[in-house]
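Colleague: Residues or ranges marked as active site, proton donor in TrEMBL: Glu238. Residues or ranges marked as active site, nucleophile in TrEMBL: Glu312. The feature domain 'Glycoside hydrolase 35 catalytic' is assigned by TrEMBL to 91-399. The domain 'Beta-galactosidase 1-like first all-beta' annotation in TrEMBL covers 458-557. Taken from TrEMBL, the feature domain 'Beta-galactosidase galactose-binding' applies to 581-640.
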Amino acid sequence: TSPVLSPCHCYFFSFSLSVSWKRILCIIFLPPILPGFAPRVKDQEDLISADAQLQLAQYSMFNWSYLTPLKLMDRSVGLQTESRVGSKPYFTLGGHKFLIFGGSIHYFRVPKEYWRDRLLKLKACGFNTLTTYVPWNLHEPQRGKFDFSGNLDLEAFVLMAAEIGLWVVLRPGPYICSEIDLGGLPSWLLQDPEMILRTTYKGFVEAVNKYFDHLISRIVPLQYCKRGPIIAVQVENEYGSFAEDKDYMPYIQKALLERGIVELLMTSDDAKHVLQGCIEGVLATINMNTFQMDDFKELSQVQRNKPIMVMEFWVGWFDTWGSEHMVKDAEDVEDTVSKFITSEISFNVYMFHGGTNFGFMNGATYFGKHKGVVTNYDAVLTEAGDYTEKYFKLRKLFGSLVAMHLPPLPKLSPKAEYPAVKPSLYLPLWDVLQYLNKPVISHAPVNMESLPINNGNGQSYGFVLYETSICSGGSLHANVQDTAQVFLNEKNIGLLGDDIKKLNIPEIKECQLLRILVENQGRVNFSWKIQDQRKGLTGPVTIDNIPLNGFIIYSLEMTMSFFERLRSASWRPVPKSYSGPAFYLGTLKAGSSPKDTFLRLLNWNYGFVFINGRNLGRYSIIGPQETLYLPGTWLHPKDNEIILFEKRKSGSYIQTIDEPKL
């Protein structure tokens, strides 16, 4: 038990043999310390299961202390793969044997003020690598107009990771899935009626080239060879599940190389689609839910003499509105990670910290029915950056394997409950139209993406209101994506959706205003369905098969500038009850030192919450999620403007609590 034994180090293990012998005590003599390794004796209480301990013994000496971005000075040799007789293939970094212990955090889902806290917690858990996607739709919201500021400052996030001691595996797309709207592709691509996403279709390639010209020039200086932390770059994402164009992946590979990417390239696919997604000269990695040897069979056909990398080990999952809350068992996570390590498999935990789908950025699924993704994501760290059982189990496991002491745990951010807010003023949607930008006048309906607004880039998110006059009732038919409320003047007469195409309009005595309010609930982010994600009214509107024309179309993007204009509106006192879409205004009093909190809207139905003009995301009575995360850094001392856009019926109070209800 002496911490220093020379020339050998002595470890005691109790383990079971597969033969009929009873348990035996085994003394294992390990050779003197090797480069990149150092002895570490743990207390008995820190030991994991005896059966696993023997296999883990060889890794319990791993020393990463000098394999960090700030300490590794010689950058002549980056992340490479090696294969030697008598050993499994492995990664090397700077010439030293290296296992990737990665964790995913998406900078665009975390307030910039909290980046350091989340990265420190990644490091303190025992991880050595950060992985992150890069969302094209957020970085280029309009053609040629790029945004890498504030919460989208990719370079600042990557450099912060390096400062904290983390390497980076970057996943720049252009398609990223990521449970984000259209898999991270900008919606203005859909203006081209012939567009075929994720192929070598001319219009798509031209757009990718212009985006990569800008993006990759920012990434190149952050590479390992340039003394940055990026050790690997992923080529596209899960293309094997799509696989519509054999020339597409080689094109993306070439696009990265020609623009100066020199670090190790990787692909990423689920176990069943590795063969369809891999390309020559690029390391294939796989994604999985749990450790099963059968999942590696296709990978072994692609590359036999390369180390295995699990690019996504799913330690949690996302929820969709109207479905059950998904939580993965912490012991299953620990067991799978242990098996990765004993099998010398590098891995990335997806997600280490899921962050929040703020605003309208959420994606959607489609398995016979469109379902939007909620704001929260089950992960190792909670949405608010709090520790979970998964975190502590992984930290204990990693702590038993590495030679150096793990950093101390960062303190948790304090949470608060504030006085309940009862909105005192409201504006029906119909009163708000005058504060919107000039409406579009069109003979026929125009889908959201094709509206001639935003410098010709159309509308990406939010709502669209279509108005036209009708003078008779009958059977109304319309193709709606994703859901719509239908009104005669201000009276709600029914709903339309992707599965409800028809609605009976009662007979009317005089001409009235037909209003169709359409909501984009998030574009599908996975599968071939991404080709069919134009929102709003996507075809003619008819009554008894007669097309309607003469539309006035209002865009409701609900941007910060829109809420600034609303401050000059003539708000009305809130009535006892109001049915229909409306905005509700109240004041959240946060005291002198605002802290994180969670909004709970028990008596409200469906809508969005805006704090000081920032969109926190969607709430819905159908669940499963019952609260919305409100970062304290977005609150002002004392008074804060809170506005609800409620689609259906007014509620009463807006509560705050100090823990989420998911």
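Backbone N, Cα and C define each Cβ position, glycine as well.
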Colleague: Looking only at Cβ atoms, how many others are within 10 Å of the one on the residue listed as 'active site, nucleophile'?
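Modeller: Counting Cβ neighbours of the residue listed as 'active site, nucleophile' within 10 Å gives 25.
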Colleague: Please average pLDDT over the domain 'Beta-galactosidase 1-like first all-beta' (458-557) for the predicted structure.
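Modeller: Across the domain 'Beta-galactosidase 1-like first all-beta' (458-557), the average pLDDT comes out at 97.
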Colleague: Using DSSP, what is the helix/strand/coil residue split across the domain 'Beta-galactosidase galactose-binding' (581-640)?
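Modeller: For that range the per-state counts are 3 helix, 32 strand, 25 coil.
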Colleague: Calculate the distance in Å between the alpha carbons (Cα) of the residue listed as 'active site, proton donor' and Glu312 (active site, nucleophile), and round it to a whole number.
Modeller: 11
Colleague: I'd like the Cβ neighbour count for the residue listed as 'active site, proton donor', meaning other Cβ atoms within 10 Å of its Cβ, all protein chains included.
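Modeller: Step by step: centre on the Cβ of the residue listed as 'active site, proton donor', count other Cβ atoms within 10 Å, giving 22.
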